[in-house]
Amino acid sequence: ANKMDISRADGGSYTDNLIGTLLALFGNVLVSIALSIQKYSHVTLAGTKDLRVFYRTKTWWCGFVLTCLGEGANFVSYAFAPLALVAPLNAVSVLTSSILGLIFLREKSKPKDFAKRYGLSFLGCILTIGGTYLFVAFGPNSHEKLKAENVVKHFVGWPVLLYLLLEIITFCLLLYFYKQRSANYLVIILTLVALLGSVTVITVKAVSGMLILTIEGNMQLDYPIFSVMFVCMVASVVFQARFLSQACKLYDSSLIASVNYILSTVFAVVAGAVFYLEFKNEDVLHICMFLLGSAFCFLGVYLITKSRKRPKTFEPYVTMDMVNGIPTIHDKGLVVQPDSNSAFSYGALVNNDGVAPATLPVNLEQPPVGSGCTDTSYGLPDLKKD
């Protein structure tokens, strides 16, 4: 009888893992498509004289609905599959975005130039696909119904308490260096995000599992542990978004995507192994193959994001120091124009978003003559007209 129960449990576990993996794959692909649609909406709106706000367009709302569906599928996937399977599948989102970018690439180039420019992307895609197959095929097969009692048992275990204590200490130390010492290094910011992310995946799995059981007829929402997990989930997501926004202001988005994926996946897998004991019954071969697949995905995501075409950061602006009667145009210098974190900045001659350039408020070709200001001319010669 015990053998039959075990085999049924294993069969149910394989089925649940398959459902969770497919939901995570579907969700990540859908989110990538949705973000591409929203990006297309922004670019199209910016390239026209349409004065509508982006959220008044049908295209943007279509992308928003698809994003909600994709994130919903990701949320439900945590209830069926282990964290160690769901977390690395975020590489599928990066892979899909890269493929969509290559499909909708509008510029025409020779095959040699195309291969030279996007060869790393193809290699990264191959590594990501191979790594995804490895960690899905050899990933942990442990699964349990996350009733409130089971979540409490996991939560009060000494390995979990020790893990949470170390995580809190590490988070406080990094936050001290980040806030008080102004250590705005990318690794520090994204490690803070990853530490919060490990709390997020733990709580998301618990909340999702209890919600699925409640839908099946076994009420779990009236237990205090559900409220605790739900509050921790919302709080960790909000603070993650704040730290990510700070990182986006300081560093390149492609670098953030690769480093954040690697750190978040590592901490999520460790959290699943400690909190939910996902690798408890796995042998050494399966663990090594899972780690190899994850390493392939890490390398693949890094190559994909590294070879992305980065937007030119050159924003020329004119300063008042003239050389031989010609305005000096700077790329990067000590003089910084006021910026309002929008597509345009004061005095910008080139807009990186592909929109028409902003007009200068000062007419440089015909400077005012006879004005009362004496500091407008420092012995400058007349400007030559083209």
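Even glycines carry a Cβ here, placed using N, Cα and C.
Whatever TrEMBL says is automated annotation, not expert-curated.
These come from TrEMBL:
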{"type": "TRANSMEM", "residues": "18-38", "note": "transmembrane segment"}
{"type": "TRANSMEM", "residues": "59-81", "note": "transmembrane segment"}
{"type": "TRANSMEM", "residues": "87-105", "note": "transmembrane segment"}
{"type": "TRANSMEM", "residues": "117-136", "note": "transmembrane segment"}
{"type": "TRANSMEM", "residues": "156-178", "note": "transmembrane segment"}
{"type": "TRANSMEM", "residues": "185-213", "note": "transmembrane segment"}
{"type": "TRANSMEM", "residues": "225-243", "note": "transmembrane segment"}
{"type": "TRANSMEM", "residues": "255-278", "note": "transmembrane segment"}
{"type": "TRANSMEM", "residues": "284-304", "note": "transmembrane segment"}
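Counted over residue pairs separated by six or more positions, the transmembrane segment (117-136) shares at least 3 Cβ pairs under 8 angstroms with the transmembrane segment (284-304), which defines the two as touching.
Here the transmembrane segment (59-81) has long-range neighbours at 16-17, 19-21, 23-24, 26-31, 33-38, 40-42, 44, 143, 146, 201, 204-205, 208-209, 211-212, meaning same-chain residues at least 6 beyond its ends whose C-beta is under 8 angstroms from one of its own. Same-chain neighbours of the transmembrane segment (18-38): 59-60, 62-67, 69-74, 76-82, 85-86, 89-90, 92-94, 96-97, 100, 104, 136, counting only residues six or more beyond its ends whose CB sits under 8 Å from a CB of the stretch.
Only sequence-distant pairs (6 or more apart) were considered; of these, at least three Cβ pairs between the transmembrane segment (284-304) and the transmembrane segment (87-105) are under 8 A, so the stretches are in contact.
Outside the transmembrane segment (87-105) by six or more residues, the chain places 21, 24-25, 28-29, 31-33, 35-36, 118, 121, 124-125, 128-129, 131-132, 135-136, 201, 257, 261, 264-265, 268-269, 272, 293-294, 297, 300-301, 304-305, 308 with a CB less than 8 A from a CB of the stretch.
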